[in-house]
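For reference, the structure is listed below as structure tokens.
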Amino acid sequence: MKSSVSLNRRQFLSLGAGLAALGLAPAGFAAKNQTGDAARLHKATRQNAGRVGRKRITQIEGSIPKALNGSVYRVAPGLNNKFGKPLRHYFDGDAFLSAFHFENGHCTHHADYLATRERIAEQKAQKMLYHEFGTAAPMPEDPYADPPAFKNVPNVNVMHHDGRLLALSEGGAPIAVDPQTLAVQGEWRFKGTLPRMASFTAHPKFDHRSGEGFAFGIYQGDPLALVAFRMETDGRLKELHRVPLPYYAMIHDFSLTDQYMVFSVPPLYIDIAKLFQGSASCIAETLTFAEKTPVKYLVLRRDGTGEPIWIEDQPGMVFHNGNAREVDGSIVMDSIATPDDSVMKLLYSAAKNRLPEYTQNQLMRLRLDLVNKGVTRRDIITRGFEFPRFDDRRVAGDTRYLYGCGDHAVNHMLAGRLHAIDLHRGAVKTEAYQPHQALEEAVFVPRAAKGAENDGWLLLQGYDGRRNENFFDIRDAASLKRQARLWLGTHFPLGFHGNFVPAG
């Protein structure tokens with residue numbers, strides 16, 4: 001059987017035609033400034049939670065598959081203001097964790113704010129004591145008092161590892177959480193093996209064939225460096241590489257192949273000097289985009305040997321990747337990029353009524369030549385595609401199906417479509433939600449442990465603006481047909497990432 005390395009011309013034309021027919025892939029796109037209902041819908045998805053605690057879900061359209069047993073955990077920035085002060089950035093807000101527990105056709109929803117040390121202190125003081133990522137805390141009236149500190153907010157992703165949930169921020173260490181009670185157990189440093197001045201990624205990767213986990217962090221000492229880890233089965237980290245970095249780049253995701261870890265290093269970096277110079281009051285204000293500097297791919301051997309390989313590409317901004325694999329001495333990987341930093345300006349518009357212009361992103365398939373250290377092929381699969389997910393059992397292998405969110409019809413801050421792309425045939429299925437609805441990332445769950453790649457469900461949370469209420473959809477992954485919609489009874493903040501943990 002011939003291996004499909006990348007879509008051929010006919011397949012790309014077929015895929016592009018299908019997307020164009022749906023209005024998803026214009027030749028060029030830059031959304032205009034938006035006001036009115038669009039901005040209100042975005043703000044509605046960031047409301048403080050309507051309730052906390054446990055609730056058995058009883059309002060269900062369709063039926064929950066009895067074979068779906070386990071828990072979906074999702075985390076989100078959970079506040080749109082802090083004691084009356086509007087939070088300006090989409091990354092701002094104490095972590096809000098939701099758990100959807102499925103058992104024999106029933107669902108219990110459990111949600112709460114994570115009681116981190118910083119949140120407890122601020123709730124007790126009833127005022128903002130720490131800087132958020134994009135919103136500065138007020139300076140103390142006493143000129144001799146210490147200025148507000150920066151805090152570790154685990155509101156980006158959540159995973160299950162070594163018997164506990166780990167809520168992830170990528171700005172610091174994970175926060176350990178009890179999977180049943182959602183009680184915070186404290187900062188987790190992998191039994192003392194995460195260096196004190198190192199952060200931990202929000203996107204660890206697991207090779208389900210070998211059972212190995214891999215991760216990275218940014219060592220914030222001297223010299224500044226990317227540190228790559230293997231996640232051992234005993235809960236510890238094994239340092240594999242420490243690679244000096246030229247600047248504090250916002251490295252969000254990476255890809256895993258049989259032999260390599262591949263990091264996308266964008267020319268967007270944190271310029272800490274701005275804080276000391278007084279030209280910035282929070283981390284978001286220090287971000288600097290070098291528009292003429294290329295994205296660089298850092299390739300490291302996952303066995304900890306060898307020298308780093310650096311490969312340069314076009315300038316742009318990269319957050320998320322799909323899968324990657326090795327083919328004839330090269331790495332073929334799927335990645336999402338924008339040619340500028342407009343997405344960062346968009347994320348900094350959380351409290352604004354007017355959304356800035358935004359250049360639509362591109363889902364690309366790249367071929368990285370490890371010998372000549374160059375990008376030898378770059379194919380655009382589609383545009384307006386984010387939060388890519390695939391069958392995690394296929395990590396480092398040939399992935400046929402890629403799932404993700406598509407741009408909203410009204411508000412380009414939000415997602416309003418669910419896509420399933422067949423990367424072998426060049427075909428796409430799309431489920432468009434209503435303009436008054438928005439959705440989160442979809443998580444693929446296999447129907448059976450050894451089932452086919454596309455045989456399973458897509459699980460995702462959404463928000464309905466007309467009802468001011470969240471819902472949770474269960475869809476067949478192959479057809480995108482909805483099997484159940486669970487109405488949650490009130491509104492909850494939408495976030496970025498989450499994962500499924502099978503029962504037992």
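Backbone N, Cα and C define each Cβ position, glycine as well.
Keep in mind that what you see is a predicted model, and the values were worked out from it rather than measured.
Look at TrEMBL and you will find 1-30 tagged as signal peptide.
Positions annotated as Fe cation binding site by TrEMBL: His203, His252, His320, His497. His252 (Fe cation binding site) carries neither a helix nor a strand DSSP state and counts as coil.
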Take the Cβ of His252 (Fe cation binding site) and count every other Cβ within 10 Å, whichever protein chain it belongs to. 19
Whose Cβ lies within 8 Å of the mean position of the Cβ atoms of His203, His252, His320, His497, the Fe cation site, other than those residues? Val156, Asn157, Ala202, Asp253, Phe319, Phe496
Which secondary structure state does DSSP assign to His497 (Fe cation binding site), in the simple three-class scheme? strand
Using DSSP and collapsing to three states, where does His320 (Fe cation binding site) fall: helix, strand or coil? strand
